[in-house]
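TrEMBL lists 12-217 with the feature domain 'Cytochrome b561'. Positions annotated as transmembrane segment by TrEMBL: 17-38, 44-67, 87-106, 118-143, 164-185, 191-216.
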């Protein structure tokens, strides 16, 4: 028997809420697993995977989930509070990413190894540069009067969609990192596939969130 429109809507919202809850767990669980694996402090390199996992799995994911209508941890707060929290988390994510990039660059230099010669290295560099630009662009939303010829709605749309691109780049960088010799030497078999599913799951949740909040709304207005 076909579901009624109301029942279908409730089911869809329930599925989105479940997926969002899973994204919160993955956002925290993945960096925790990386920390156990890398044992930060055991070497200079050990800080790189942890900082990048914190930046793109935990901080950036939580910064975006703040605006989720189903699973935001600040659901009862005003949009102004959510925007400030989003900014703080994104800034922390960028700082972690810059520090992680600096550490791996210096570590390669100490060991006489070439840098930015792998897909992971190139994608990681592009992601950090993109995130830097995205954070700078976010200033326009805090001070929209700087862009007199642009409406606030248009600025939000472009910031959200370009932010989604940056987030997907971050997830791609994490997945490429899990193809590295360091990771594959320690994580094998089913555990490796489960680890690869982590950024895939969060990216799908964030894509759905942004699409519903901006892209589908924009399409329906035409």
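Note that Cβ sites are derived from N, Cα and C of the backbone, with glycine treated the same way.
Here the transmembrane segment (118-143) has long-range neighbours at 52, 56, 60, 83, 87, 90-91, 93-94, 97-98, 101, 150, 152, 155-156, 159, 162-163, 165-166, 169-170, 172-173, 176-177, 179-180, meaning same-chain residues at least 6 beyond its ends whose C-beta is under 8 angstroms from one of its own. In the predicted structure, the domain 'Cytochrome b561' (12-217) carries a mean pLDDT of 92. For the transmembrane segment (164-185), the partner stretch with the most Cβ pairs below 8 Å, chosen from 17-38, 44-67, 87-106, 191-216, is 191-216. Same-chain neighbours of the transmembrane segment (87-106): 44-45, 47-52, 54-56, 59-60, 62-63, 66, 115, 124-125, 127-128, 131-132, 134-135, 138, 142, counting only residues six or more beyond its ends whose CB sits under 8 Å from a CB of the stretch. Sequence-distant contacts of the transmembrane segment (44-67), counting only residues of its own chain at least 6 positions beyond either end whose CB sits under 8 Å from a CB of the stretch, comprise 20, 23-24, 26-28, 30-31, 34-35, 37-38, 73-74, 82, 85-86, 89-90, 92-94, 96-97, 99-100, 103-104, 106-107, 110, 124, 127, 131, 163, 167, 170-171, 173-174, 177, 182-183, 198-199, 202, 205-206, 209-210, 213.
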